[in-house]
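What TrEMBL says about this protein:
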SIGNAL    1-18  signal peptide
DOMAIN    46-183  domain 'P-type ATPase A'
TRANSMEM  162-181  transmembrane segment
TRANSMEM  202-226  transmembrane segment
TRANSMEM  232-251  transmembrane segment
BINDING   D295, K296, T297, E406, F448, K472, R501, T581, G582, D583, R663, K669, N692, D693  ATP binding site
DOMAIN    716-943  domain 'P-type ATPase C-terminal'
TRANSMEM  750-770  transmembrane segment
TRANSMEM  776-798  transmembrane segment
TRANSMEM  828-848  transmembrane segment
TRANSMEM  854-875  transmembrane segment
TRANSMEM  882-902  transmembrane segment
TRANSMEM  908-934  transmembrane segment
Amino acid sequence: MRLGALYTYWVPLGFVLAVTVIREAVEEIRCYVRDREVNCQIFSRLTARGTVKVKSSNIQVGDLIIVEKNQRVPADMIFLRTSEKNGSCFLRTDQLDGETDWKLRLPVACAQRLPTAADLLQIRSYVYAEEPNIDIHNFVGTFTREDSDPPISESLSIENTLWAGTVIASGTVVGVVLYTGRELRSVMNTSNPRSKIGLFDLEVNCLTKILFGALVVVSLVMVALQHFAGRWYLQIIRFLLLFSNIIPISLRVNLDMGKIVYSWVIRRDSKIPGTVVRSSTIPEQLGRISYLLTDKTGTLTQNEMVFKRLHLGTVAYGLDSMDEVQSHIFSIYTQQSQDPPAQKGPTLTTKVRRTMSSRVHEAVKAIALCHNVTPVYESNGATDQAEAEKRYEDSCRVYQASSPDEVALVQWTESVGLTLVGRDQSSMQLRTPGDQILNFTILQIFPFTYESKRMGIIVRDESTGEITFYMKGADVVMAGIVQYNDWLEEECGNMAREGLRVLVVAKKSLAEEQYQDFEARYVQAKLSVHDRSLKVATVIESLEMEMGLLCLTGVEDQLQADVRPTLETLRNAGIKVWMLTGDKLETATCTAKNAHLVTRNQDIHVFRLVTNRSEAHLELNAFRRKHDCALVISGDSLEICLKYYEYEFMELACQCPAVVCCRCTPTQKAQIVRLLQERTGKLTCAVGDGGNDVSMIQESDCGVGVEGKEGKQASLAADFSITQFKHLGRLLMVHGRNSYKRSAALSQFVIHRSLCISTMQAVFSSVFYFASVPLYQGFLIIGYSTIYTMFPVFSLVLDKDVKSEVAMLYPELYKDLLKGRPLSYKTFLIWVLISIYQGSTIMYGALLLFESEFVHIVAISFTSLILTELLMVALTIQTWHWLMTVAELLSLACYIASLVFLHEFIDVYFIATLSFLWKVSVITLVSCLPLYVLKYLRRRFSPPSYSKLTS
């Protein structure tokens, strides 16, 4: 005998699978379309037949590719030539390293000297390159032209490369393709992000496993009560099919559709405009965050530098005394123009003790020359670009550099009278307060790197022929380079404590022969293929001896809007905030105080720099004696502690109200997230805005990217993208809380719906001598979990216990969720008991009250079941939405309308009688009224925290 129609089993399962497959397919198709779009972009290839069009997917190693301005570079290339007059081009690298500032790139000199791009095909040359690796900041290679006499060999470095994914910001360039496909730097740097499964989904899976266990147990009990008579193993299979409703197949669909609704609500929230949900699978995670790990620069701060301090050792100039600096500069240049024979030029250095004006002038000139900033002129309507460039028009000038610090410094020198007006590959022009143009030839430039922490430049003053080596960098490295002095260390510490980013500026005058000797050794080192960077660094270090200290500069990073109230909200919600930054210890500590990450009454324990196990042991013991204090630790010390005392360190750090890790590498940031997850078992959320935050964002349970000055890389890699840090408060307190509570209610209701009908089937089988006969057949079973109850149950995704304003005002409400109470074994058990009570009441009531025919039992019990479900949804709802009312009435109307077609299962004439109506009413009242009474008593004598706020 068959257990009901086959479609009652495969239709629900087919529907669930279809919804899941369609959702996955839509995401896959979107991915495919995006990939195809990139692969089908058209580029120009230079060939013997002229220029031909080629798809980016057909580009091969060795091709000569032409890339226009504002076009994305399709493959890793060596830069051969440019259409720009100054013989260089700018790159936008925001999608590669997360930095929005332009990078200067230089073509291969012997290729740039050729008359036309077509001549590249006439020369015989080859490129020697290193094997593909993930380092986007370094490159070693050589370009050799064999058909010249003697053969020309040029060294290639990062400055000659155009990595795939970057955008040409100026001119048209020609490059030779070096790496494609999986060998691209950008592809090698992309780690396969782990597929994130929410903690809520894992808990629901666990409950589903328990329900499966219950299904097996109930089936075995039924067969056992038949004393395993006859072919009992077939009976077990029959009961497994009969009670299969215990496992709520529709739960996955309901939750997935709920997540789509939450994502839509987040995107539509006008209070957090520009928010994007990139991962719709984990919105519930936002409601249970225990640890928030945030970047500093660009996330808590604006990455907008303001020049605050110039320190010359004996005197310091702040924002209020910048007019004094201006008058010093003005006096130097007006004095020169009035009295030309007395001095040869502005850079004359006498043995006599220099006056304050000349000291200030030297410092300002060094700041105006020692940088990688390029002034770019743009047309402003009244003046066109070429005209503006010729006349150095102030209103058309914008500065471009690889660091906002540098732009702030150059803008400051402009404000005090020394303006950078022009720059190309080999020269720089400064304008004095008297509109005189000073010309400088750039002989060498040593760019800033994270390893060296400094940058240098060698320039020749065209008016005097003097060669000067300028250098600026972090105090930790510059202290060992400049001549001994007694104020550098102390003043650097003072300025850092004020939250300023400190740079030390130094200079050294070079004789012509001294420079020529250096240049010969430097060129030789740059041509070497093995250990090139080490040899180059050694040659530069030979020049960095006994440099004269000029000044200290202090720039400050402005805080983002509303950072303090947002951090206050998060702290009150029971979320611990850790700040992970690559910045120096003092600056990071200042930002933490400034942003109120560390409250005024909290002590700060600065973890001493440790280098070995015994030092780490002593320092950990010292830290253990402190109570309720914030921890500040550097990346180096952190590494030692995690190497030898991982458990002890994490235990102590997790007890701190706030932790600041400075000088952190991207790998360390990800490691800290991983350790927090492993040690505490709590949920983590990582927030960042740069390419260096991507690994931390992908490692965390919930990654939030801020679209900031450092580009979109973090935002694209994150699960959620916001435009400002202050939006995080609402994202967690309102949307996170609502998503979690709604999903908890929805999942428990779907389970309750399945258990009710299974309990009724169990009671029915028990009464009829444990027969494996289905109570409801055909469409009744399918209709029950779809059109009759689906809409009201799903409308729970619109429910909310408090208004969003109240949730923001009382972040303590969020703290309740961290214990996981909305969905726990306790709440699950309560709903199981409710289901058993209601299922039993309806079934026994129908059996007691039915008159003569079995079909009456079906009519009474099924109608009571539908009404009970609708009333239970109404009982659970806390804030009514008009769609909820529509859903309730629509479901009831659908059931009444469908009775006409269900004469096969239900006696239509019996339904119209008064007897049917009073019986259904009594059964429904008995199944629901006690629960309404219990709810009222609970709200009266033990109200939840949110109800106190809404009453």
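Cβ atoms here come from the backbone N, Cα and C positions, even for glycine.
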Ranked first among 162-181, 750-770, 854-875, 908-934 for CB pairs under 8 angstroms with the transmembrane segment (828-848): 750-770
Helix, strand and coil counts within the domain 'P-type ATPase A' (46-183) (DSSP): 22 helix, 54 strand, 62 coil
Cβ-Cβ distance under 8 Å to D295 (ATP binding site), same chain, at least six residues away: M579, L580, T581, V687, G688, D689, G690, N692, D693, M696
Tertiary contacts of the transmembrane segment (232-251), as residues 6+ beyond its ends and Cβ separation under 8 Å: 3, 9, 12-13, 16, 204, 208, 211-212, 214-216, 218-220, 222-223, 226, 747, 750-751, 753-755, 757-758, 761-762, 765, 772, 774, 781, 785-786, 790
Largest separation between Cα atoms (Å) of residues that the record links to ATP, namely D295, K296, T297, E406, F448, K472, R501, T581, G582, D583, R663, K669, N692, D693: 28
Recorded stretch that, among 750-770, 854-875, 882-902, 908-934, has the most CB pairs under 8 Å to the transmembrane segment (776-798): 882-902
Tertiary contacts of the transmembrane segment (202-226), as residues 6+ beyond its ends and Cβ separation under 8 Å: 232, 235-236, 239-240, 242-244, 246-248, 251, 255, 747, 751, 754-755, 758, 762, 765-766, 770, 772, 820, 823, 828
Spatial neighbours, same chain, of R501 (ATP binding site) - Cβ under 8 Å, 6+ residues apart: M305, D405, G554, V555, E556, D557, D583, K584, T587
Among G582, R663, N692, which are binding-site residues, the residue with the most C-beta atoms within 10 angstroms of its C-beta: N692
Cβ-based isolation winner (fewest other Cβ atoms within 10 Å) among the binding-site residues T297, F448: F448
